[in-house]
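Chemist: Once you've had a glance at the structure underneath, I'll fire off some questions.
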Amino acid sequence: MTENPADSNPLMTGRNQSLFPQACTIVIFGGAGDLSRRKLIPALYNLALDGLLPTQFAVIGFAIDEMSDDAFRDFAREGIERFSRRELSEEDWLDFAEHLFYQQGEFSEASAYATLRMRLDEIEPRFGISGNRLYYLAIPPSLIDTCVFGLRDAGLVAPPDQDLPFTRLVVEKPIGRDLPSALAVNQSLQSCFAEHQLYRIDHYLGKETVQNILAMRFGNSIFEPLWNSKYIDHVQITVAEAEGVGTRAGYFETAGALRDMVQNHILQLLSLVAMEPPWSMRADVIRDRRLDLLQCLRPLRIDEVERHVVRAQYSSGFFHGKNAPGYRRENGVAADSTTETFVALRLFIDNWRWAGVPIYIRTGKAMPKRVSEVAVQFKAVPHMLFNTDTDHPLEPNVLALRIQPDEGLSLRIGSKLPGPKVKIYPVKMDFRYGSTFGDQSPEAYERLLLDVMAGDATLFMRDDAVEASWNWIQPILDAWEASGERWLPEYPAGSWGPIEADRLIDADGCAWRQL
Ligand code: BG6
């Protein structure tokens, strides 16, 4: 029997047998844009290199720009050369390029969808594709309604109860900018598509290290018995970025760090760290458990927000040997902007497992380095034997899940320092993806695109989860709006955040981890 290359590929193991990528056409709305060039096309190329794409597939870039198929192939090639995980090889590129096409269209015009349909009807038979279609909206959120209504009105969406050929729609974040607008986006989506046809992407869920959280928690017997308020003192989640706002000020000014990172990526990360054990790996079961967790977040009253949430903006700083401008001096940022580039907060999960355990979250731009981790700090041992001197407590055990870079995990434990004296010294047990598995892990978009083609929605956000996380965020937005603040606390670019963030955690007798 010949071995299927997919069988030994880490992206395929553990996958339900019926969930293999199916022959389909991928239509990328905004196909000539940045997301397509940096992420989507390189991800598809890497999947093709791994033999994971079905042989019958086609990609149509669909956008307003005038472009021929050949020009789109050049654009795709350039994207792969610059951003692909693996280098472009001439032979593989030629095979891959044959599947790429481009269709110009104005999303608000019915004629664009009519032409798209003709293009699909012409391309699909060439590759033996029987009408399975995946529409990827790589477009600004303001165009979502136009595109989904355009698809529906043109009859390009399969009826919800039809298994094959399928229609699937992939939507990028942000889904709304507050609870009411998120509800409105979900309503528009659901007026054209059934929920099972919708795939709301949160690319953090596609990161290998994020998926490993479940494997680590439920594939080992030693962690789960300790994973509760009896043994855990607190949890810290840090998602720090070294870059400032760069060229994305236009978007970021309307978002800010709370909407951009906390509402989606960080709350999704938290839901995996803290959820109850799922009884199956089925998508709906895992998504139910994630939702339960989000629904247990203790709601903040507007008058409590200031005590639990710190926001700040980076000011100018000296960073990596260069002067870095403050946020208000960046191109495209208003000189009196009050958009936060940093958030630190404390939250509680009101369920049996986590009662009373504080969860600290911090995220920001222009911080000293790019590093994301979840650190679980365990309670101290009783004050006797090795730590009777309260001025010199033992370092607590910390399990640090390193999301990126330097992916892996480490456990800090106390060990006796060799020698005649009894002295305890903190040491680390360390696992690194790089040294253990060698090869680079697949990019999040590779995994997620494959999952959409296979119809596996586990790593995507369901409507109720999006709404539950906005529901928790909303009082913070309301409190900020009501405060009418004209200046935010500042932190110099290249530092770990404002003093107010330290005070938030110091007040509980804890400290941010030094990363
Ligand atoms: C995006 C945010 O969703 O995630 C960006 O909009 C942020 O502002 C990015 O920089 C971070 O993603 P990653 O994978 O680089 O950590």
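Just so it is clear, glycine is given a Cβ too, placed from its N, Cα and C backbone atoms.
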Chemist: Please identify which of E172, E241, E340, E395 is recorded by TrEMBL as part of the substrate site containing H203, K207, D260, K365.
Modeler: E241
Chemist: Are any of the binding-site residues E106, K207, D260 near ligand 1, with a Cβ under 6 Å from it, and if so which?
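Modeler: Listed by sequence, the hits are D260.
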Chemist: Roughly how many angstrom lie between the C-alpha atoms of F107 (NADP(+) binding site) and H203 (substrate binding site)?
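Modeler: F107 (NADP(+) binding site) and H203 (substrate binding site) have their Cα atoms 25 Å apart.
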Chemist: Given the binding-site residues E106, K173, H203, E241, find the one whose Cα is closest in space to the Cα of H265 (active site, proton acceptor).
Modeler: H203
Chemist: Cα of K207 (substrate binding site) to Cα of K173 (NADP(+) binding site): how many Å, rounded?
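Modeler: Here the two Cα atoms are 16 Å apart.
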Chemist: Roughly how many Å separate the Cα of D260 (substrate binding site) from that of K173 (NADP(+) binding site), to the nearest whole number?
Modeler: 9
Chemist: Check the DSSP secondary structure of K207 (substrate binding site), expressed as helix, strand or coil.
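Modeler: Looking at the DSSP assignment, K207 (substrate binding site) belongs to neither helix nor strand, so coil.
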Chemist: Let me know the largest Cα to Cα distance in Å among the NADP(+)-binding residues E106, F107, K173, as an integer.
Modeler: 22
Chemist: Taking the Cα atoms as reference points, how far is K173 (NADP(+) binding site) from H203 (substrate binding site) in Å?
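Modeler: Here the two Cα atoms lie 9 Å apart.
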